[in-house]
Each structure stands twice: as structure tokens, then as C-alpha cells.
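> Just lifted these from Swiss-Prot, have a look:
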type	residues	note
BINDING	36-41, 54-55, 60-61, 67, 78-81	coenzyme F420-(gamma-Glu)n binding site
């Protein structure tokens, strides 16, 4: 296992992995600090190091992310895996939600209409993963 902070660049293979159609597990913390883990689709912007998850406002993952301000996204495919850790914030701004929906549509499919949609934005601070996906140069 390798670990880097985001000042270390993800390899081209890692960026490709993060654009392939895979689901991930989103971990947030409940009020009692126990983990809440759910399967999600997400997108990652390598320029800003922001991962985005679209969800319904008031969902448990949104409530947890808003309260604790922490989240981890873990994606795995065979021996390849990455965990993206960082500060989470829930954004209900219509332009931010629209942008997140467009990004989601590029990676997965057009999301169904949802007037209560928000976006969980995770500012990635640390990356763990299989050594072949991390560039420590």
C-alpha cells in the first residue's frame, strides 16, 4: 500500500482509473462517530483535487458530511484501488449541482431529475492506493 498527500501527483493510470465507470464506497461519520458506508458514483477533478457525489438533500450521507466535514471515497477493481480522503461540504447552489450532474453524466449516465439534489464536495487531502497508481516522483 502506498500513501501520498495531494502534492504528489496521481499517475496517468490513476487518473484513467478515476475516469472509468466504477462505483465507490463513500464513508462518512454518523453522529456517534461510527462509519456510514454506502455505494456511490463520484467524479474527480485532478486540477482542483475535488471529488463530487450527487445525492438528495437530507440523505444520511449528506447529513453526515455536513455535520462532520469528513469523507473518504474508496474505489476498487481487482488489484487496483484508491482511497481519497478529505474535507467534505454539502453544496446546494444550483450552478454547483448542475456542474456536478454534468460531470456525473460524463462518467456514468445522465442522472434522473431530482429537484432536491445537492452535491457533496470532498477536497482531497490524502490518497492511499495500490503502488502502481501513485506517482511519487
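Glycine is treated like the rest: Cβ placed from N, Cα and C.
Explain the structural surroundings of these features, please.
Secondary structure at residue 38 (coenzyme F420-(gamma-Glu)n binding site), taken from DSSP and collapsed to helix, strand or coil, is strand. Its Cβ placed at the centre, residue 38 (coenzyme F420-(gamma-Glu)n binding site) has 15 other Cβ atoms within 10 Å.
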> Tell me, if you would, which residue among 40, 54, 79 (binding-site residues) has the fewest other CB atoms within 10 Å in the structure shown?
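Each of the binding-site residues 40, 54, 79 was scored; lowest Cβ tally within 10 Å is 79.
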